[in-house]
2 protein chains.
Amino acid sequence: MSAGFTEHELIETLLRGYRSAKPILGPGDDAGILAVPDGRLVTTVDTITEDQDFRRIWPCGYRTTGYDVGWKSVAQNLSDINAMGARPTGIVTSLSLPADIGLDWVESFAAGVTDSIDQLGAHDCAIIGGDVGRGREISVTTTAFGSLDGGEPVLRSGAKPGDILAVCGTLGLGAAGVDLLDHRSSGRHESEVMGQRISDSSPEPVYSVALAQLRPRPPIGAGPSARMAGARAMLDISDGLIQDAARVAEASGLCIHLQSVACAEPPELTQVAQYLEGDARRWVFTGGEDFALLAAFDPRPGPPPGWRHVGWAETGRGVRIDAQPAQSWLAENLDGLRPGWDPFA
Amino acid sequence: MSAGFTEHELIETLLRGYRSAKPILGPGDDAGILAVPDGRLVTTVDTITEDQDFRRIWPCGYRTTGYDVGWKSVAQNLSDINAMGARPTGIVTSLSLPADIGLDWVESFAAGVTDSIDQLGAHDCAIIGGDVGRGREISVTTTAFGSLDGGEPVLRSGAKPGDILAVCGTLGLGAAGVDLLDHRSSGRHESEVMGQRISDSSPEPVYSVALAQLRPRPPIGAGPSARMAGARAMLDISDGLIQDAARVAEASGLCIHLQSVACAEPPELTQVAQYLEGDARRWVFTGGEDFALLAAFDPRPGPPPGWRHVGWAETGRGVRIDAQPAQSWLAENLDGLRPGWDPFA
């Protein structure tokens, strides 16, 4: 695990591993240059930090790879671009590394960045530049860019009473993945949970749930499609369905009703919940990080294919689940869990 | 120094303290939107991290303020935009904070960001958005945006043999500032060096040198002016005059000659060097972080007013000082000091 490399070697390793669409000017000068044909840049920034957003070694024994970190940093930022109804066009990334991280980790990181862009379908997304430096913990900040291609952004504030609320993407898998990774292994092998290994080399069903946390797959492309289909409000669910629905409710000045039956957990979760002796609904309603989209549509014509109807908007305020205020629904069904994630709380 | 605030309170404190030009869409949604009228975005990213780029408490006793950190993070990023010949148009900032940082620090940070933009003259620079999170150390990543207003970027690679090399801005003050701040106080007061205090409340001459490190003042605006005056290559001196001159030499495929007499130290430095028993030329030739510009100009008409002629370009490679290769000049004059800063070396 010895580091012992120069800044030049680190940058060369990154540039060798990065593959993406070409910007007007890529890394190597004081700044890069990106084409912004419609004259408006959509931009967002997000940092992931060791021990806050991931563990280098999880309680189950799984060792987070550079690939996982590179993938996730890109995915969650492209998700914010997607949530505006925009098409990802570029990123810049700043990487802080402790002294015990070697060039092999950096190589893996660059591959994760490249594959995330590619496999999420962001084929126009160029790697424009970055920064590298030292820190006591691994920390990655990605700034992402997007284009509305002449369209209007889909804000959180545009929902109207009577609108249908719909979701595109999975709910709860990312949060269940954290709980799996946080589960101390009882097996003979490192990172063995539920008699299966969480490992790149032997993909077993439980691994797919851990992967939803390690390498989330936001539905990139569904954002612009929803915009073109007339979505009136949209965001990505990064802090939990209830908390993010509350943001749309507040910004739009109305009340959002969710039907719990419509937010049923994916089948993988039932098995994991049984094993961990938890309630899968907790992950679905309060877990973020699947980066699904939540959007409001005029009931006629309603959401495009690929979206699930989960509720509706009406006059009032806050979020209601099965006609109860979300807080009392949580108290009754999930032991009064907090509605979502606040790193400072 | 108790923290005890929510993410919402933290964000509110930042937004209350930020003042800037207005973007198309500011903070509050999944992403912000910036106008890019000429269709090309110039962008750069840089992170500053506690104990790498600054100390929370310097050996002299000075306590770095949120104001200092906010100022510097903006200044060094606007400098990279400036160095492309571009006009700063916006920033996004991601802030990671340990649990012992309070809202008063955050308030001070926001004021530093605001004043840096304002006092450096970046009046078109909008604060578009950001991210906040927890970390074991203070870390700030700013991504900056700029416009070429229809012009062509000034790269590092465009210098031609026969060009005049010129500098705009100070050299060596930022590096001398580090040495002052790193000097253990011998006075009766905290942060007393040379019988003077490094303190906001009693500005004395030595404070101005420390300030060059804490709150650097890159010559924003001189970049676009140099572009319009026909600069053929340009960068900002962030890692040291010799090292950054070597980058222009390499990218342009030629040799850069510097005249040591033309790079004379500012008068403040002579006094500080005497006190610290050092050689002020060390700061001038190998110290970065004044964020002065170094550019190559056709000798006719040469650089615009405000630039100092420090050397010239000719066929060959590398950097020469007073006709010697830079390495042997350093060996002879400055004890073989490394030519500049590499955080990984």
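Glycine is treated like the rest: Cβ placed from N, Cα and C.
The feature Mg(2+) 4 binding site is assigned by TrEMBL to B:Asp30, B:Thr44, B:Asp80. Summarising the annotation, TrEMBL assigns Mg(2+) 3 binding site to B:Asp30, B:Asp80, B:Asp236. According to TrEMBL, the feature Mg(2+) 2 binding site maps to B:Asp46, B:Asp80. Per TrEMBL, Mg(2+) 1 binding site is recorded for B:Asp46, B:Asp131. TrEMBL lists B:Asp53, B:Glu289, B:Trp341 with the feature substrate binding site. What TrEMBL records for B:Gly130, B:Asp131, B:Arg156, B:Ser238 is ATP binding site. Taken from TrEMBL, the feature Mg(2+) 5 binding site applies to B:Asp239. Residues annotated as domain 'PurM-like N-terminal' in TrEMBL: B:28-147.
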Given the binding-site residues B:Asp46, B:Asp236, B:Asp239, which one is most crowded in terms of C-beta atoms within 10 angstroms?
B:Asp236
Shell of the substrate site beyond B:Asp53, B:Glu289, B:Trp341, same chain only (C-beta within 8 angstroms of their C-beta centre):
B:Gly174, B:Val178, B:Ser238, B:Asp239, B:Gly288, B:Pro343
Pop the mean pLDDT for the domain 'PurM-like N-terminal' (B:28-147) in here, whole number is fine.
97
Please report the distance from the Cα of B:Asp46 (Mg(2+) 2 binding site) to the Cα of B:Ser238 (ATP binding site), rounded to the nearest angstrom.
12
Using Cα coordinates, what distance in whole Å links B:Thr44 (Mg(2+) 4 binding site) and B:Asp236 (Mg(2+) 3 binding site)?
13
Would you mind pulling the DSSP three-state label for B:Asp80 (Mg(2+) 4 binding site)?
helix
Cα-nearest neighbour of B:Arg156 (ATP binding site) within the listed binding-site residues, B:Asp80, B:Asp236, B:Asp239, B:Glu289, B:Trp341:
B:Asp236
By the criterion CB under 8 A from chain A, which of the binding-site residues B:Asp239, B:Glu289, B:Trp341 would you report?
none
Can you tell me how far the Cα of B:Asp80 (Mg(2+) 4 binding site) sits from the Cα of B:Asp236 (Mg(2+) 3 binding site), in Å?
7
With every protein chain in view, how many other Cβ atoms are within 10 Å of the Cβ of B:Glu289 (substrate binding site)?
26
Taking B:Asp236 (Mg(2+) 3 binding site) as the reference, which of B:Asp30, B:Asp53, B:Asp131 (the binding-site residues) have a CA within 10 A of its CA?
none
